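Take a look at the structure set out below.
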Amino acid sequence: MSESPESPMSPGPAAAVARTQAARAAELDAAGPLATTRDRFVLDDDTVYLDGNSLGALPRSVPGRIAEVIHHEWGELRIRSWTEAGWWTAPERIGEKIAPLIGAAPGQVVVGDSTSVNVFKAVTGGIRMAGKGCTEILVDATTFPTDGYVARSAARMAGLAVRPVEPARIADEVTERTALALVNHVDYRTGELNDMAAITSALHTAGALAVWDLCHSAGALPVALDACGVDLAVGCTYKYLNGGPGSPAYLYLRTGLQDQFESPLPGWNSHADPFGMDPGYTPADGILRGRVGTPDILSLLALEAALEAWEGVAIEDVRAKSLALSDFFLECVAAYAPAGRVRSVTPADHRRRGSQVSLACVPDPSAPVEEGGTPVAGRVMAELIRRGVVGDFRHPDVLRFGFTPLYTTFADAERAAWVLGEVLRDPATTGPGSGSGPALGGAAG
Ligand SMILES: Cc1ncc(COP(=O)(O)O)c(C=O)c1O
């Protein structure tokens, strides 16, 4: 990041830059198709919330709907709600509401269970559909850990090897012995966007299936599952889809594969006749095969209400604002942060950038090296949060700032960069002897 000539707090050129940036932020916030969508969320102006890539903010549509579900549907209708209030069909109904956001035609998305469980369904189901001679699966070498753990277990059950491969190398590494590759669309740590079309096409050319994890892309940028020919995909709903803590994940299963999909978790909700209580298992048709057991109705219906925040929103507008926000933030960090103390590990190229900026903290060369203690990035993030700027910290040195275009403002981006500059200059946080403070990270990656 370039050097600012003086503290942004002092009068002079740096303060003038800050005034210009603040004025630009105000102008940008007043314009554009998403200028008013922030009103759809419960947020306070004292906090800059840049952690929607971990837990999305609360949509205003949720509390009233959940109160209604509890008081009327559960409290009064009780068991009648499974049919009369549409509880039974909620997993596929809500799947249809997510489908347009991930480029899926109807009948291919079902909601339920955690992302980890859906990774297991997708990878094991994919292995079962793969050709007989396959001996391995590929897993994104930079994957969010749960995908790797689950994929390794699924491969072991099928007697296949697991080969970690960087997403950019998959096209070169895939062979005719590869059953599938499990790839993250956006890297949770760096915010790098992987090329879904090219990687999927390379996998198909080699006869392998493409399984994508959309946790960090759905709701933040256009996802084109059908157009890219993706076979299976999973994603969570508590980040950019704002479904709430622990809200259920989803499974995408391409129409053309649904007849062959054998669920590794063939619970009664995926049976062709769930209430027939047949001791033998006959799978339901279509995407219903992705269901397992009784759906978590309160979380599902909170998610359904949360999805109302997308009414009238074009995902292309979300993408345009996301890139503008992260560009603007990087510009402000370059202007306000002391030289050489943070380095962006998020690609500058828009085609390779998701909706977050990850800054690696570079230790202050003038400070003595300390053994143990809290890493400098952990201390910086704890101090940012104390000063009202909420991002998160990922080991060992990354500060993550998520941009959620439905509610993040340009003023947020400018203030976050300003406070970051102040914290990085503050010897109490980054100087010698400061290493015993708390380090904060979000609960979800
Ligand atoms: C990319 C990615 N995959 C999987 C998961 C795990 O999701 P879950 O806790 O819902 O199983 C996360 C969690 O943040 C994630 O970021």
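Glycine too: its Cβ is placed from the backbone N, Cα and C atoms.
The pyridoxal 5'-phosphate binding site annotation in TrEMBL covers Thr115, Ser116, Phe144, Pro145, Thr146, Asp147, Asp213, His216, Tyr238, Trp268, Thr294. Sequence-distant neighbours of Thr294 (pyridoxal 5'-phosphate binding site) (same chain, 6+ apart, CB under 8 A from its CB) are Asn269.
Summarising the annotation, TrEMBL assigns N6-(pyridoxal phosphate)lysine to Lys239. There are 29 other CB atoms within 10 A of the CB of Lys239 (N6-(pyridoxal phosphate)lysine), with all protein chains counted.
For 353-373, the entry in TrEMBL reads region 'Disordered'.
Selection of the binding-site residues Thr115, Phe144, Thr294 by a Cβ distance under 6 Å from ligand 1 yields, in sequence order, Thr115, Phe144. On a Cα basis, Thr115 (pyridoxal 5'-phosphate binding site) lies 12 Å away from Lys239 (N6-(pyridoxal phosphate)lysine). Comment: pyridoxal 5'-phosphate site residues Thr115, Ser116, Phe144, Pro145, Thr146, Asp147, Asp213, His216, Tyr238, Trp268, Thr294; largest CA to CA distance 31 Å, whole number. Secondary structure at Phe144 (pyridoxal 5'-phosphate binding site), taken from DSSP and collapsed to helix, strand or coil, is coil. In three-state terms derived from DSSP, Tyr238 (pyridoxal 5'-phosphate binding site) belongs to neither a helical nor a strand segment and is classed as coil.
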